[in-house]
């Protein structure tokens, strides 16, 4: 091997020329103890609350407890590689996440890193995950409908863009199914070329769920063509508690990007009970004093600061909105437990799902008596308002009468008629999964129910009547559906046309 002196001198000259005097100064601390996803670190005197830190092996963490002699850090990842005595480096950045349209169609973890194997996220900017909610002045009252495609909800418990509506019920009562149907129902709004004021982007945050469940959820979204306008944030049961705590905030930041840029989004937190459990675990390990049910004293603030970020902004702010659908799981229908009462008091209404109704075959298993939307009919179109007012009253009377009817069999004709109508309307509100209905189709079906066209039918034929009527209208009378959709009203003229069609159909159906 021959050594060329000229070559060596050229390399040396180049290195001397590019020699920089800058030295990187980073504040470091030392790990005192580590375990259960918590590290105690000495020496980070100037660290900020909520700041991201980096351990020697590249694992990240967040400073939560700032004490006199040490800092309590929650670790976003496995703590097996972290040892006592290792150095911890400040990043000088509060925890943030990527936001933007580049996230649509992707599955990410609680820090915004892609976990779907589709490569890095393109063109995303970064925003802090825990920011202040909009104040009173930038907001506007909720007035646009956020359709779920479910008759029982859109007619009786309407949700508006910018509202927070809680979905609450025991396990296996169809809470996630309602959320999934809501996402699928936005497909017609998100067609290519539609105006941004019409589109509704969806963010689904899975907290503490099985990986198989999340994979199945994503598969359904993909098959139904709904993933392209959705973002999935997953912190599964096998992820550390800090990730489960952070995921809802990360998802909310992604949703806020749409809200603040004159667009609309809906975010589903599935579910916040598991986030509260993860937060309780972290707090107890950080030796914060426990309160009721061993939750820390600020668990109410945990959920209120998250849900207050859902808002309908006014014209000067761009008219954007972020709608929140938090999910809470109860134990044996106990809605008076700590976390359920907290979230009920924060939200603008709740949808109660009951196990008994679910097993009776009433699905979605919504208890329309206990469920409420505090925004009410201001989040409905005129057409839906006209037909929904009647169905609410009739179902309320039916529930009252059904309780009395159990005691005696000799009922007068009017009571019998009321019970008959109520049972048909209850049957009408049933709906299979993955089959959301458009607003105009719901209006027509409910109009037929409240005007007595279902009364002569046996209960088992109600579904067939509804399906047949809708296929007739879609095929031969699409103009009626289009009129209701475009005017958002059910005029006397349209109602007259509808009456003759439904009467004709009822004769042939019988």
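Cβ coordinates come from backbone N, Cα and C, glycine included.
Database features, via Swiss-Prot:
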BINDING   169, 170, 171, 172, 173, 174, 175, 176  ATP binding site
SITE      371  site 'Required for activity'
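Annotated features taken from Swiss-Prot, shown on the structure.
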residue: 169; record: ATP binding site; DSSP (3 states): strand
residue: 174; record: ATP binding site; DSSP (3 states): coil
residue: 371; record: site 'Required for activity'; DSSP (3 states): coil
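Rounded to a whole value, the Cα-Cα separation of residue 173 (ATP binding site) and residue 371 (site 'Required for activity') is 15 Å.
The number of other CB atoms found within 10 A of the CB of residue 172 (ATP binding site), across every protein chain shown, is 13. Taking all protein chains in view, 20 other C-beta atoms sit within 10 angstroms of the C-beta of residue 176 (ATP binding site).
Counting other CB atoms no more than 10 Å from each candidate's CB, the binding-site residues 169, 174 peak at 169.
The two recorded residues, residue 174 (ATP binding site) and residue 371 (site 'Required for activity'), have Cα atoms 15 Å apart.
Looking only at the binding-site residues 169, 171, 172, 175, 176, the one with its C-alpha closest to residue 371 (site 'Required for activity') is 169. The ATP site is defined by 169, 170, 171, 172, 173, 174, 175, 176, and by the 8 Å test on Cβ atoms against their centroid, the other residues of the chain that qualify are 329, 353, 355, 358, 365.
With the fewest other C-beta atoms within 10 Å around its C-beta, 371 stands out among the recorded positions 173, 371. The highest number of surrounding Cβ atoms within 10 Å, among the binding-site residues 171, 175, is found at 175. Non-local neighbourhood of residue 170 (ATP binding site): 329, 330, 331, 332, 333, 353, 354, 355, each in the same chain, at least six residues away, with C-beta under 8 Å from its C-beta.
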